[in-house]
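**Student:** Have a look at this one.
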Amino acid sequence: MESTLKEMRDGASVLDMDPKSTVGGGVEDVYGEDRATEDQLVTPWTISVASGYTLLRDPHHNKGLAFTEKERDAHYLRGLLPPAIISQQLQEKKLMNTIRQYQLPLQKYTAMMELEERNERLFYKLLIDNVEELLPVVYTPTVGEACQKYGSIFKRPQGLYISLKEKGKVLDVLKNWPQKSIQVIVVTDGERILGLGDLGCQGMGIPVGKLSLYTALGGVRPSACLPVTIDVGTNNEQLLKDEFYIGLRQKRATGQEYSELLHEFMTAVKQNYGEKVLIQFEDFANHNAFDLLAKYGTTHLVFNDDIQGTAAVVLAGLISALKLLGGSLADHTFLFLGAGEAGTGIAELIALEMSRRSKTPLEETRKKIWLTDSKGLIVSSRKESLQHFKKPWAHEHEPVKGLLEVVKAIKPTVLIGTSGVGKTFTKEVIEAMASFNEKPLILALSNPTSQSECTAEEAYTWTKGKAIFASGSPFDPVEYEGKVFVPGQSNNAYIFPGLGLGLVISGAIRVHDDMLLAAAEALAGQIKEEYLAKGLIYPPLSNIRKISVQIAANVAAKAYELGLATRLPRPENLVKHAESCMYSPAYRYYR
């Protein structure tokens, strides 16, 4: 991946930088909230000490009926609450009962967002304790529907909206955000939301959702997270005609106008928050995603989850699957349906890992990986017409059009879908995979569920139970001929929260490919024989915070090894250090 980006940067590497300017960022807990216990009281600061009605309306400090008698006296809450005092655990039980009564996923999503707006710690308590149940609610697949209907369900702004109207004033806009110690920013321009296309300003649901996972799964404090949407218009005619659309009503800006706004944003972020703030690019269209990563990879701490996060989580799944398939990565042939950000990003990281393990040149390991796009198999005869990020995958072969024909010609052992188009792994394609593989590995990664290349049931049924299957969105277990198969979810949530925590605790100032490999290896190391016996190539999400700690420690260790870490001296035990830095949603007791 870095090799491809280096070509776009005229040979510059993320390691070629001057680390002098390393201000801001880091794990700064100004008011000691994360270190507080029941015996260590904290002060509920807003601009001044919050009390009375203001305290109940402040989601960062509100505890609802969990305020103690002492707190009710000290903070003028007498009469503003019913007399009952209940624990956070009982509040959690009550809310989960309520959420489970909703029939529609969007109703559950709305209920969770409303909870976050009135009681932040309780929101994260629910999400952490019920992660397998609520992750599909606050993120994919439900967040896709939420973004499509964002204008209709919009009640209270979350995050920063930076539009073309703010051009020349982006730094001032950043200063309007109340929190000053920001560690992670997730930014989108809304052009390619999941597999749903251009949703413009309504793509804000993605940064909001991602950052809630940075906190719940990775332990980054909510106050250190900033969701941003860059609004340069939309080419979605349906939205432009929608009276409830909340964004700019104009066609999407491109070229110099677009680049200047993005550059102003990137410059302002570094000026306002320092060198060590992580900027995660999310759901940008292919042509912009690669350019932004190449342009800012050597000057900022940047990460693209669609390219790099997806690649790391898929690589982890492949390393785990080798325990079922046998052999090494280099013994397998990979075929991708889809050659955009995700497809080329995954392919490059697989090739890089093969190169490192087999001591083979990257150019050689790439030849084990084939990609198809809308025009068919990517081959050398098409090279002149290909986009730059597809060119490394143009191998010598005669042109082949349809996916079924490509599968028959290449005979892959691993089939990976990143097309964003549902139902493209047809019965004929899956049966062909099963005809020349004892255990075909099938990864249908496109989100949301409606865009998945095939379902878990189809994969298991059409291969007569032979397939090893994982998908981007969750599927229920499948029973086939008396055996229950549990499909894995190749969810980026396994990687980016732990990766982000590792970057933050080490004070890293750049993201290097070796950090992605370290994250993937840490995740693969969490898979146990009992999971493999069920066909799972990923560990249960219920263990995600422990997994994130291991990933963070691995990533931080690699940052120190590469000389990219600035938090010195290096902690002796990075696992314990990562655990100590993680946010806890337990209520604090106020003076």
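Just so it is clear, glycine is given a Cβ too, placed from its N, Cα and C backbone atoms.
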**Student:** Ranges 1-26, 53-78, 417-442: which does TrEMBL label region 'Disordered'?
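**Tutor:** So the range that TrEMBL calls region 'Disordered' is 1-26.
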**Student:** Can you give me the Cα-Cα distance between Asn491 ((S)-malate binding site) and Asp306 (divalent metal cation binding site) in Å, rounded to a whole number?
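**Tutor:** For Asn491 ((S)-malate binding site) versus Asp306 (divalent metal cation binding site), the Cα atoms are 11 Å apart.
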**Student:** Could you measure the widest C-alpha to C-alpha distance across Arg192, Asn447, Asn491, the residues recorded as binding (S)-malate, and give it to a whole number of angstrom?
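**Tutor:** Farthest Cα pair among residues binding (S)-malate: 18 Å.
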**Student:** In sequence order, what residues of the same chain, 6+ apart, have a Cβ less than 8 Å from the Cβ of Arg192 ((S)-malate binding site)?
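**Tutor:** The list for Arg192 ((S)-malate binding site) reads Asp198, Asp283, Phe284, Ala285, Asn286, given in order along the sequence.
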**Student:** So what's the average pLDDT for the domain 'Malic enzyme N-terminal' (116-297)?
**Tutor:** 94
**Student:** Using a 10 Å cut-off, grab the number of neighbouring Cβ atoms around the Cβ of Asp283 (divalent metal cation binding site), all chains included.
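**Tutor:** So the number of other Cβ atoms within 10 Å of Asp283 (divalent metal cation binding site) is 26.
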**Student:** Can you name the residues of this chain that are 6 or more positions from Glu282 (divalent metal cation binding site) yet have a C-beta less than 8 Å from its C-beta?
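**Tutor:** Long-range Cβ contacts: Val186, Val187, Thr188, Ile206, Pro207, Lys210, Asn304, Asp305, Asp306.
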**Student:** Asn491 ((S)-malate binding site) has how many other Cβ neighbours within 10 Å of its own Cβ?
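**Tutor:** There are 26 of them.
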